[in-house]
Each structure stands twice: as structure tokens, then as C-alpha cells.
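Per Swiss-Prot, these features apply:
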type	residues	note
DOMAIN	150-371	domain 'Radical SAM core'
BINDING	C164, C168, C171	[4Fe-4S] cluster binding site
MOD_RES	K376	N6-(pyridoxal phosphate)lysine
Amino acid sequence: MNEQTRISLERAAELKSKIDDYIQARKTINRGLEKEEEINKRKQKILSILNGTEEDWNNYKWQLSNRITDVDTLSKIITLTKKEKEYIKEVGTQFRWAISPYYLSLIDPEDICDPIKLLSIPTHIELEDEQEDLDPMGEEYTNPAGCITRRYPDRLIINVTNECAMYCRHCQRRRNIGQQDSHKSKAIIQESIDYIRENEEIRDVLVTGGDALTLKDDYLEWILSQLKEIPHVDYVRLGTRTLVTMPQRITDEFCNMLKKYHPVYINTHFNHPMEITKESKEACEKLANAGVPLGNQAVLLNGINNDKFVMRCLNQELLKIRVKPYYIFQSKHVKGTKHFNTSVDDGLEIMEYLRGYTSGMAIPTYIVNAPKGGGKTPLLPQYLVSKGTDYVMLRTWEGKVIKMEDEPAVDIKKLIKEQAQD
């Protein structure tokens, strides 16, 4: 064996040892694709209680109209203590809750701290939060017309509805949810589109809510067709969690409609590997096959995914279903959600771990939204240790400090011109 091979093998063994802890931890992380049998059993129980059929289950309109919104029905499906039942009713008077039959089937009924349960079912902690701010992003002050939110020079949001298939307990717009579903009228949306048409610097439009995909196909198509007619709008993004909470929404008809209005992007919101199931995988693949790029915007949530192994597993599983991890958001300080908050140090520790320990494709950007509409602020661990006049000291993903030459760029155009002279 030559020296190069010996060193290479030693290095390979060293690298292999660095992944042992994740391989062991991964075995303990619940993943939806590996829980198909248990999910199906719960599905059958839910169908029996709701008097539904397999055909009903696969129909998103049935899923939406049969969201579970009362404690009595919920307690027939998952185990709830007497106190939990009382708390859910009490919280529901202030902060609405509803959960699609599909998403409910993902909950382990016996696990009081099941991550899917924490994401979707109210807890009394929501009422113990003394924070007063329901709009920490200051969105009410960034609404120049219609149902627009504008915080950046060349892009904006159209909030088309307050409806969702499931109301996340950490929702940043819970102030808009109320107790009744309400899509924005054509007049309000038209006002928003007219504003975009009149402001030629707008090139990127995000259609969201609520959940944009709770709108029917024809209403969504009208919005997309209007935006497509505006020359300076380069592309449209749709914000939706239905891929996670109601994947039946992604029909062949819907995908064929989107094809007419490319480039269309979809940003979705997986927070835990348990949410990646056979059904959500099929929904993502349908969209990807229809030419729709998919990006995931996770939120760092205490007790759900503020763990380096869980986040690594989530991002790697997302790539397998053709969803690019795009952002990890620091949770926002919205009233009733304080128990989900983690420290920025937690986020930086996760980002530090991901770098080098998984491929760049599986590493999203860690984002903190500055309060009062300050916008997205990306955060990274510090890899630049120091800087001299002609060098930098870098910290590698393994923590090694290495010196690298760093000189100013030459004037390449001047150099080429000088060399070309006779």
C-alpha cells in the first residue's frame, strides 16, 4: 500500500466515525414513510368515525369540509385527559383550531408530546403567554393597497384567504384567522393586482394567506392569469402547507392548470420527518413532474425540531421527495406561541452541525425576521477567524483553523488589453 492510499483510508475511517452518532439517532426519529401501517390504521378509524369512504379520503374537498373542530370528535381519535379537553375548548375561544382528517392520522394517539399533536392541537400554554403582540412583523403597516403586504423593493405578498386545512399553533398570522373562513373578494384582489401593474419594479409575487391552495382551481387560475398578463412580473410563488396537511389537494387537474402559467414556484412548510408520508411524497412528485420547483420553509420550534439530528433528517428526507430545503426560520414572537420559541444559539448550533455533515443541497438558510417589519436577516456561524492585509484565517467545518492567502483582484480587463497590444 502506498502512502497516499494509506492516508486516504485513514481519513475515510475518520470521516466515517463522524456520522456514527447520527446513524444511531436516526433510528429513534419517527418518519412518516416508515409509519405507513400505523397511519393507515388510524385513517381507517377516522373514516369510521366520520362515516367516510376511501373515495372521500382522497377528495380534498371532503378533507376540508370534515376538518375536526370539536373536542368530542377529537377525543374519539386520540387520547385526551379531562384537563386537555377543557384546555382545548378554552383556547379555541381565543385562537381557532381545526385539523384535517389526513393530518390527524399522523398523530400518535398515546403520545402526549407527539410533534404533530404539538403542531396542531391547542395547549393551555397558549393562554399563559403574556406577550401582547399579535403582529410582531408589523404587517398591518405594510399594506399599501388591497390585500398586499410589501416589505421589500421588488416583491410583495397577496394574502388571498384566512383559511387553512390545519391551523398551526405557531402561526404568525393567527390574528387574521378569526372563527370563520373567508377568501378575499375579487374586488380586493383586483385592487392588489392593479397596484402591481402600476408599480413596474415588482417582479416577484407571493400568493399566500392563510393557505393559497384552499382556493378553488378556477379562482386561483384567475389570479395567475391576471398576474401573467403583467410584463414586469417575472414569476409567481404560491405559499401553501396543503402538501403537508392535505396532500389530496394536489390533483392532476390542478397541476395541468399550473403548467399554463410557468414559471410558478411553490413554497411549502414541512417541520418534522413524520410529515413526509406516502401521500405527501406523491403530491410533491406530481408538482415536480409538472415543472413546479418546490422549496421548504421550516420553522425552528421548541420540542418539535430544535434538534440537530431531527433537522438533518428532515432536510435529507425532503430532498428525496424533490423538495429543496430553502429556509429555517427563527420562530416569531407572536402572542400565544412563546413556548415554541428557541434561542438563536440553538439555530446557529444546528447550522454549524449541518455544514460539512450533510450536502449543501440539504442546508437551508437560517433566517431571523427582524421585528416590526425589519425583514429577513440571515445568520451563520462565524467561519472567518481573522483577516490580515494579504491573508484570512478560516475555521473549517471540523473546527480546524487554516491560513489562506487573500489578495485583491487584479484589473483583468486592463491586463488583457495590455497583453493584446502589439
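For all residues, glycine too, the Cβ spot is worked out from N, Cα and C.
Shown in sequence order, M166, Y167, R169, H170, R173, R174, I177, D211, R241 are the same-chain residues outside C164, C168, C171 whose Cβ sits within 8 Å of the Cβ centre of the [4Fe-4S] cluster site.
K376 (N6-(pyridoxal phosphate)lysine) and C164 ([4Fe-4S] cluster binding site) are 24 Å apart (CA-CA, integer value).
Of the recorded residues, the residue listed as 'N6-(pyridoxal phosphate)lysine' and C171 ([4Fe-4S] cluster binding site) place their C-alpha atoms 17 Å from one another.
Cβ neighbour density within 10 Å is lowest for C171 among the binding-site residues C164, C171. For the recorded positions listed here (C168, K376), the lowest count of other CB atoms within 10 A around the CB belongs to K376.
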